[in-house]
Amino acid sequence: ASFTISLRTVDNVTVMIKLKPGVSMGCQIRGKSFIRSELKIKPGVNVTFTFTCSTPEKYFIMEIQKNIDCVSGPCPFGDVHLYPPGLPRLNRTFIWDVKASTKAGLELKFSTPWLRQVEPGETCPDFVRYNINSCIDTATVNIGTFCRNGSVSRVKLLGGVIMSLHLPWDSSLTTSGFNIANRASIKRLCIIESILKGESSVTLMSPNYPLGFPEDELMTWQFVVPSNMRASVFFHNYSLSNCERKEERVEYYIPGSISNPEVFKLSDSQPANIPGSFNLSLQGCDQDAQNPGILRLLFQVVVQHPQVDENVTHLVDLSKEWNMTVTIHFEGWPGRTPLMSEPICLICKDPRTCDRVLTLVSGAVYKISFLCKDLSRLRITAEKGISCIDLRWCQRKIYSLSVPQAITQLPIRLHKFIWKLLAPDLINIEITSPSLKLQQHVPEQRCNTSYSYSIVSATPETELNVGVFCPGGSIEKIQMRNNITISLKTFGKGFLNESNHQDLKMSFVPHIKDECTFTLSPDPKAKVYLQTPNWPYGLPPYVSISWYVVVPSKQVARLEFSKDRMGITCETGRAYVNIKEETLGAEETVRREDELLPKPRNMYHDFWVNVSNCKPVDKTHLSLQFRVTLADKQIDLGLILAVVAGAGVLTAIGLTVYCVKKKKKKSQNPMVGVYNANVNTQMPGKQGLFTKGRKNNESHVYAVIDDAMVYGHLLKESNGSVAPEVDVYRPFDGPMGSLPPSPPPFSFRKDIKRSPTTEEPPPLTDTDHDTYTFAHQKSGKSEGNGDTNEKNNGDTSMSLLENKEKDGLEE
């Protein structure tokens, strides 16, 4: 297609067609006597041309600049037109350069739907973009970049203006959308008028944003708000310059206020709940020439209807609290920033001091109100610090970790309450839940309560996530060595009813051995699922964790691990699992990381489970889960039969002894048995079935079991003095402590060297839970022969017989 552009001299318009930046020359402009990649048409020139391609909008852009002189000649007030007509369909920019005196500024008035300010470089939905620059002498200030469909209705500028309108190649817009209204001296950089109708919001920026507001300048925003509406101002982003003289500030002119203008720092909470229209001014300062800094401001004005309950106040009494802050905020704070278009919820500590976020501190009393249609969008986050400096004083005190009533009575949902527990070296922290007890949140046994506790133990090197816990379990006590953060998080609305039953307590205790120790007291027939801290990422290197499980006297506990091995490889040190019952003589079961974990076993007494980590190699971590199941003790029929049989034997022995004694009393000449060692009792003939002679084997040795050998431990429990006459297992009867079992220090541990032919010990069976294991000692080889053994045995038997006969004679 052929295009003809005819420019009148009086219009003072120049047209420039040029290639897009970064686009290769794939198309050219062809005239009657030329072919080129750029074309400039000056005032008073007519040009007819065409393009060498069918899609010139991919290659070319066009600028149309009109110069207007409002200084030496009359200013063309009224609508500004798009001139000239019949331009090619290219991306085009119309530029109006209006010269004006600083004594008589210009006013630009925009037709509906008005303008909306955006950050420089932001794309408008319809790709139609305005840019306004103020020209004062030789200086140019970017007032702002705007899209259509907004609230900015007028802009008054000091001095001249350069107005730009960017249109896409397919835009059907035929008017500029603004006019030059009049000239007026304003004695400030600019005035921007914003008309807000109904519930709405507007975002505005200071000139030259984000590069910096001009030094020692003053500008004003005029907000037109219906008298029956309320407006609130929020500063979302600002920075301050380095002032040598004066002070940067914002000033409000609010009709009806008794203190106009109201002056605020940019760091202050800005006025809220303003009835009707108001003005906001930004004042700069004289900046430091060496280090001027940047003054900039991005803010939001929100208009909404008066709230029905805006006069309803809620008393928050924090006068008796210490080291606590309460923050009322919108949902998702602080990670999420609310959208400008979202309905706003304001929290006010007085009728004019309102904000999206309000922080209250302990030691004061507040009367707050809410400007919000839906209070369910608000949340409360509170934080309280508890510390101990002198253990002699704070060890005697028990702290209650419960949410104060001043918070629970508010019509706002509690999102999180955080306790930061600080303890110096050699002072540790103990968490208890006497009545409710705690349940660990694990995949097999999830919490379904209205709140839970997340416990994190902080060390100088690392952070140990102890786990998530909720009320209604078996954990009575948790002891930790380091500073602790406990976060109570709520779910749903049920916490308001359950908050009255909180019983979490905290106290400071002397130094403990492990990083963390749990004390459990399961209910009868309970199933308790437990897992190591830092799940599923694994314990930190060289950390030791213990569980102490209380087993009721009429119960038996079944201990089961969820997997066969620890699943780690140690780079340095060793990882251990230790299990030990808290009873006299109990054996300690120890497994290393290269061994199978213990099989399921029954525990008849209170017991310890200890997990100690090494320094694992990369990509391996120590994470264990185990289960404790309680059940009633079952009556062992074999044990009953053994007891009955034992009682029968004892009865028979007693009757026999009684009869023998009676018979001995009647006998006047008791016979005495004499052992003759020289008599050969071996019958001559063929060799028997044994491969060695009777003298060389022990087939003739009969075990004589004394009563004390069988019932020695019973006699001992009854303070008896009879000691067993053979070497049997003696349970440990020394002092027992309350500390958990633990492997030797890492510096003293040595790997067990095993020969290739040494067989691995068989895996534990269900009988591995026996309390006592008898260590049978192999007797050494005697230097004598069988006759010597017979003699020794004979002497012993003779001695016993003689003693019993003497007893009979004496009786």
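Using the three backbone atoms N, Cα and C, a Cβ is placed for every residue, glycine included.
Summarising the annotation, TrEMBL assigns compositional bias 'Basic and acidic residues' to 748-757 (among others).
Summarising the annotation, TrEMBL assigns compositional bias 'Basic and acidic residues' to 802-811 (among others).
Annotated domain 'CDCP1 first CUB' per TrEMBL: 3-70, in sequence order.
The domain 'CDCP1 second and fifth CUB' annotation in TrEMBL covers 79-182 (among others).
Under the heading domain 'CDCP1 third and sixth CUB', TrEMBL lists 188-291 (among others). When pLDDT values are averaged over the domain 'CDCP1 third and sixth CUB' (188-291), the model yields 93.
The annotation domain 'CDCP1 fourth CUB' is assigned in TrEMBL to 315-403.
What TrEMBL lists as domain 'CDCP1 second and fifth CUB' is 411-500 (among others).
Taken from TrEMBL, the feature domain 'CDCP1 third and sixth CUB' applies to 514-625 (among others).
As annotated by TrEMBL, transmembrane segment applies to 637-660.
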Stretch with greatest number of CB pairs under 8 Å, the domain 'CDCP1 third and sixth CUB' (514-625) reference, 79-182, 188-291, 315-403, 411-500 candidates: 411-500
The domain 'CDCP1 first CUB' (3-70), counted residue by residue under DSSP: helix, strand, coil: 6 helix, 35 strand, 27 coil
Number of helical, extended and coil residues in the domain 'CDCP1 fourth CUB' (315-403), per DSSP: 7 helix, 41 strand, 41 coil
